[in-house]
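What follows is a short report on a single structure.
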Amino acid sequence: MLSVVPTSLTVRAPAKVNLHLGVGDLRPDGFHELVTVFQALSLHDDVTLTPSDALTVRVTGEGVRDVPTDATNLAARAVAALAERYGRDPYLQIDIAKGIPVAGGMAGGSADAAAALLGAATLWGLDVGRDELDEVAATLGSDVPFSLHGHTALGTGRGERLIPALARGEFHWTLALAREGLSTPAVYRELDRLREVGDPPRAGSPDALLAAVASGDPHRLAPLLANDLQAAALSLQPGLRRTLRAGIEAGALAGIVSGSGPTCAFLCASADDAVDVGTELAGAGVCRTVRVASGPVPGATVVP
Ligand code: C5P
């Protein structure tokens with residue numbers, strides 16, 4: 001056991017894209033039953049925890065205006081939940097450096113929560129196994145367990161029950177970040193509404209997609225990307241159709257709304273192609289800004 005208590009600790013946690021997002025019925029608890037395939041991408045938030053005399057949050061980076069710095073911040077809730085469970089004082093200063101788009105459908109808040117959980121557990125020297133951390137993670141949000149684990153995984157339940165999925169090689173992505181965010185509950189509500197009045201497409205089984213991910217072939221994966229929330233995100237932000245079209249015209253193999261959106265994720269044949277697609281998208285004026293990323297990458301990790 002290490003006797004020196006570190007003064008502060010930084011944990012890095014990745015963004016995610018849903019390669020497959022099948023949304024089932026609305027459950028009595030207000031969540032939808034999901035079958036989803038997550039992939040963690042090389043776009044990160046860094047969360048630094050420093051022992052303090054109060055639980056405080058500071059946020060830097062893009063989109064910080066929209067991130068709460070009070071007790072409702074998901075990283076603060078993560079620290080409070082862990083402290084409560086293990087009988088600790090939750091007094092940490094939390095510094096979040098955002099690299100993941102805020103309200104973008106890429107699990108930025110969940111990444112912060114996962115990073116805070118791992119960071120606080122490490123800083124406090126808690127004897128907590130991965131299963132216990134997962135349990136706390138699931139109470140914070142549907143995507144938080146995946147943000148801890150990273151890589152590629154099949155998620156069921158409300159997304160919190162994970163089975164690792166085999167992925168060969170590296171997939172290359174261009175991300176088009178939107179000017180305005182979308183609220184996840186609002187997108188799910190819009191899908192419920194669309195399903196009441198019509199029959200939007202359903203993603204079906206992820207089996208073929210999982211085989212494509214295991215093959216490492218982006219050409220095979222591209223036509224299988226599917227997201228039931230896409231129709232709802234497009235209904236709330238119709239301009240995203242233009243963004244999706246522009247990415248394909250720029251040479252992407254496929255484009256999809258990431259999770260509940262509004263970030264659009266474009267699968268590309270190579271890292272060079274991803275840069276080319278990003279350059280074209282930026283020039284076309286169909287998004288606020290672009291990023292390139294690759295996946296899969298690991299989940300929340302303590303930065304040495
Ligand atoms: O779990 P999380 O806090 O990320 O969920 C945010 C909101 O998204 C939920 O309150 C719910 O409205 C919606 N949601 C859902 N079904 C899921 C996951 C999220 O309806 N499986």
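Every residue, even glycine, has its Cβ placed from backbone N, Cα and C.
Since we're looking at a predicted model, the values are computed, not measured.
Going by TrEMBL, these are the annotated features:
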{"type": "ACT_SITE", "residues": "Lys16", "note": "active site"}
{"type": "ACT_SITE", "residues": "Asp143", "note": "active site"}
{"type": "BINDING", "residues": "Pro101, Val102, Ala103, Gly104, Gly105, Met106, Ala107, Gly108, Gly109, Ser110, Ala111", "note": "ATP binding site"}
{"type": "DOMAIN", "residues": "73-150", "note": "domain 'GHMP kinase N-terminal'"}
{"type": "DOMAIN", "residues": "210-281", "note": "domain 'GHMP kinase C-terminal'"}
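Of all the binding-site residues listed (Pro101, Gly105, Gly109), Gly105 sits in the most crowded Cβ setting, with the most other Cβ atoms within 10 Å. The two recorded residues Ala103 (ATP binding site) and Lys16 (active site) have their Cα atoms spaced 13 Å from each other. Scoring each of the binding-site residues (Ala103, Ala107, Ala111) by how many neighbouring Cβ atoms lie within 10 Å, the top position goes to Ala111.
Cβ neighbour count for Asp143 (active site) (all protein chains, 10 Å cutoff from its Cβ): 28. Apart from Pro101, Val102, Ala103, Gly104, Gly105, Met106, Ala107, Gly108, Gly109, Ser110, Ala111, the residues listed for ATP, the same chain places the Cβ atoms of Ala15, Ile100 within 8 Å of the centroid of those Cβ atoms. Listed in sequence order, Phe38, Gln39, Ala40, Leu41, Met106, Ala107, Ser110, Ala111, Asp143, Phe146, Ser147, Gly259 are the same-chain residues six or more apart from Lys16 (active site) with CB atoms under 8 A from its CB. The predicted model assigns the domain 'GHMP kinase C-terminal' (210-281) a mean pLDDT of 98.
As a summary of secondary structure, the domain 'GHMP kinase C-terminal' (210-281) carries 41 helix, 11 strand, 20 coil according to DSSP.
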